[in-house]
Amino acid sequence: MARAKFERNKPHLNIGTIGHVDHGKTTLTAAITMTLAALGQATAKGYDQIDNAPEEKARGITINTAHVEYETENRHYAHVDCPGHADYVKNMITGAAQMDGGILVVAATDGPMPQTREHILLAKQVGVPSLVVFLNKEDLMDDPELLELVELELRELLSSYDFPGDDIPIIKGSGLQALEAMTKNPKTKKGENPWVDKIYELMDAVDSFIPTPERDVDKPFLMAVEDVFTITGRGTVATGRIERGKVKVGDTVELIGLKDTRTTAVTGIEMFKKSLEEGLAGDNAGVLLRGLKKEDIERGMVIAKPGSITPHTQFEGEVYVLTEKEGGRKTPFFAGYRPQFYVRTTDVTGTIKAYTSDEGKEVEMVMPGDRIKMTVELINAIAIEQGMRFAIREGGRTIGAGVVSKIIK
């Protein structure tokens, strides 16, 4: 029988498993759901159910992602797991599954591998705030000294990407042993099996170490303008979805991007043709602005709390370039390439000045399917901030997806 909707009386977090191929991410995900299902806090999902992840589209890109949900004593979690490495890259860059924290899975038998590094780097670039490590396949390691060396290497690696390597909890265990114990006896509780206890230990670490994210509604107000029209006798209305924060009638706001920043006041808020006193994050609303004409506002501007976001023209972005099969380009491109950058609600033309590899070396040519860091200069200043997502388009089709990793100017 389908379970009723989770009660939202606990803080909600989005997390995911990341790490090198075959290090045990999906097995661990299955073990977590089965362990917590014994407490009635999850629906048990087998390996196959998670591995056969459905396709989704995010910003015009197809990604395979498995979603499971579960709760601990303290929190409710939505957990994403991706079957393939390319899916992880796409997922993290498009923000299709925004992560408040990650469980980095590393096989103790291998130690950190190339994708381990790549996922840590990506987590840093796209702004995953916090990681916890599960050192998997402990059952296959006879030498405790070797296990300790792998842990030290991991802590150094995390520190080298500016994560707090010395403080990050590293839980050793075996996803497979825990999964097998739970499959044999689905009612296994804490204290009844050492491998299952490791899963509880991991979830305790996730509960205590990964901070609760600030709710969207508590952040400074921002709404991207989608449309503008005039109401005779009342003034100019900008419509859009409130991305974060809240706005009240009488609030002072700034209009940012494409033209000089202007300060104005909110004289009314409408939703579904009704007047409201306040608009909240997630609402599709119309905001009436004092003293502005229709031509003062255009799609692509943002209305925001004064001083909370500023217009910029130059930034660095971490980008995934679509393959031809994904609907992207057939041919490579070079420095000086001028596509459109689709940010929030509008396309802005920009020139790509340079490309940089993970090692910090300059790259001449970018191929479809590459992940690359690029330096971009837009022809118009728009409201940009670190961690913001964008698409790269050419003649209306998406050829890449990116996230702003650094503001230059």
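Here the Cβ of each residue, glycine as well, is placed from N, Cα and C on the backbone.
Listed features, source Swiss-Prot:
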- 10-214: domain 'tr-type G' (DOMAIN)
- 19-26, 81-85, 136-139: GTP binding site (BINDING)
- 19-26: region 'G1' (REGION)
- Thr26: Mg(2+) binding site (BINDING)
- 60-64: region 'G2' (REGION)
- 81-84: region 'G3' (REGION)
- 136-139: region 'G4' (REGION)
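Here the features listed in Swiss-Prot are placed on the structure.
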| residue | record | contacts (Cβ under 8 Å, 6+ apart) |
| --- | --- | --- |
| Gly19 | GTP binding site | Lys25, Leu104, Val105, Val106, Gln115, Thr116, His119 |
| Asp22 | GTP binding site | Ala107 |
| Thr26 | Mg(2+) binding site | Thr17, Tyr47, Ile50, Asp51, Ala66, Asp81, Pro83 |
| Cys82 | GTP binding site | Gly16, Ala53, Ile63, Asn64, Thr65, Ala66, Tyr88, Asn91 |
| His85 | GTP binding site | Val21, Gln115 |
| Glu138 | GTP binding site | Ala108, Leu147, Lys172, Gly173, Ser174, Lys198 |
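Away from its own ends, the region 'G4' (136-139) comes close to residues 23-24, 27-28, 105-109, 147, 172-177, 195, 198 of its chain (Cβ-Cβ under 8 Å, at least six residues beyond either end).
Remote same-chain partners of the region 'G2' (60-64), defined as residues 6 or more beyond its termini with a Cβ less than 8 Å from a stretch Cβ, comprise 53-54, 82-84, 87, 90-91, 94, 96, 320, 322, 326-327, 391, 397-398, 401. Within the model, the region 'G4' (136-139) carries an average pLDDT of 97. In three-state terms derived from DSSP, Gly19 (GTP binding site) belongs to neither a helical nor a strand segment and is classed as coil. Beyond the region 'G3' (81-84), the same-chain residues lying 6 or more positions past its ends with a Cβ under 8 Å from any Cβ of the stretch are 16-17, 21, 25-26, 29, 50-53, 63-66, 68, 91.
A 10 Å cutoff on Cβ-Cβ distances gives Lys25 (GTP binding site) a total of 26 other Cβ atoms nearby, all chains included.
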